[in-house]
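**Q** Grabbed the feature section from TrEMBL, which reads as follows:
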type	residues	note
DOMAIN	71-151	domain 'Potassium channel'
DOMAIN	192-265	domain 'Potassium channel'
REGION	1-48	region 'Disordered'
TRANSMEM	67-86	transmembrane segment
TRANSMEM	98-117	transmembrane segment
TRANSMEM	123-143	transmembrane segment
TRANSMEM	184-205	transmembrane segment
TRANSMEM	240-261	transmembrane segment
Amino acid sequence: MADNSIQQALIDDPPNNILKRKPSEGTKRFRKCRSMPSSDPDKSPAEDGSLRQAKELFKGLRPSFKLVGLLLFAYLLAGVIAFYLVMDQISGKRTNRVLDALYFCIVTMTSVGYGDLVPNSDATKLLACAFVFTGMAIIALFISRAADYLVEKQELLFFKALHMNMKGGEAKMLRTMEANRIKYKFYTAALLLVTTIVAGTVFLWKVEKLSLVDAFYCVCATITTLGYGDKSFSSEMGRVFAIFWIITSTVIMAQFILYLAELYTEQRQKMLAKWVLTRRITTMDLEAADMDGDRQVGAAEFVLYKLKELGKISQDEISSFLEEFDKLDVDQSGTLSAYDLTLAQPAQ
């Protein structure tokens, strides 16, 4: 029932000829546009104009890694200075005044809260309250940026290790990697998490002289930010290690949980897509897909119906697109041309 002209347009209508060809009145067209991702595997989608503009538009909504790093450095510097000045009002086992101030700041920021250093005056308690709220906001940004950076740097190496003998070249490898992106991010985060758990356990066992079980117990209490406090880093060398290890391990743990949730969601989406693509089409489906009420379903209508079933697009969104199309279609021909755009969107 699909119009042959639609299928032909999907196959061989070059983007540069979209505005040059004038279809006959009443004929439905469904063409490629310049904003569509290129079918050329060697060409990055970022090379497409519309996608590049969209990325530039939303780039400012997400802080850069450099900016987040500067915020974290400023926070830690302010924390070290503040807690250094009030260290006499913080009880607990001491090592080095500057090191303890930085260690207390890290433990506060990550919400681990061992309890081995505790504010014991009203001023230090209020100061700790201010730093824990500020620190959690900054660590949330840092987790988002640093973990992405850390995981993505290892992701390609991990993928190549699994597919060293893949045939078809780098383009095929990149396509496969993109199709399984969340899965490989999850695997990489899991590998990094195991590495940090082992490193922390061995350090506490060998340097802090905890038993192997207590070392593992302390590591788990730390990376989950449970922080019972009965076991912690108490030596000067241990707190130096903890400053770097606590941030790294809590960041990786948070990202591991995120990727686990994303992987579960992706698997559900794939199951839904498989069901949608393999189930039998009924006359009720055809009636639901018939958007213009002509009792025939064209290729474009069928694709839209399938996208709605997958939850990729809603009826409200389709209606909004059609309203925009009607506004741009000044001559009411059912198609858009450069002339329509000139009348509908005059130069400012």
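The backbone N, Cα and C atoms fix where each Cβ goes, and this holds for glycine too.
TrEMBL annotations: computationally assigned, not manually curated.
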**Q** Out of 67-86, 98-117, 123-143, which stretch has the largest tally of CB pairs under 8 angstroms to the transmembrane segment (240-261)?
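**A** Looking at each of 67-86, 98-117, 123-143 in turn, the most contacts to the transmembrane segment (240-261) are made by 98-117.
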**Q** Over the span of the domain 'Potassium channel' (71-151), how high is the average pLDDT in this prediction?
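**A** Value for the domain 'Potassium channel' (71-151), mean pLDDT as a whole number: 86.
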**Q** Sequence-remote contacts (6 or more beyond its ends) of the transmembrane segment (123-143), Cβ cut-off under 8 Å?
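**A** Non-local partners: 63, 68-69, 71-72, 75, 79, 82-83, 86, 89-90, 105, 108-111, 247, 250-251, 254-255.
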**Q** Sequence-remote contacts (6 or more beyond its ends) of the transmembrane segment (67-86), Cβ cut-off under 8 Å?
**A** 97-98, 100-102, 104-106, 108-109, 121, 123-124, 127, 131, 134-135, 138-139, 141-142, 144-146
**Q** I'd like the per-state residue tally for the domain 'Potassium channel' (192-265) from DSSP, helix first, then strand, then coil.
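**A** Summed over the domain 'Potassium channel' (192-265), the classes give 57 helix, 0 strand, 17 coil.
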**Q** With DSSP as the yardstick, break the domain 'Potassium channel' (71-151) down into helix, strand and coil residue counts.
**A** 61 helix, 6 strand, 14 coil
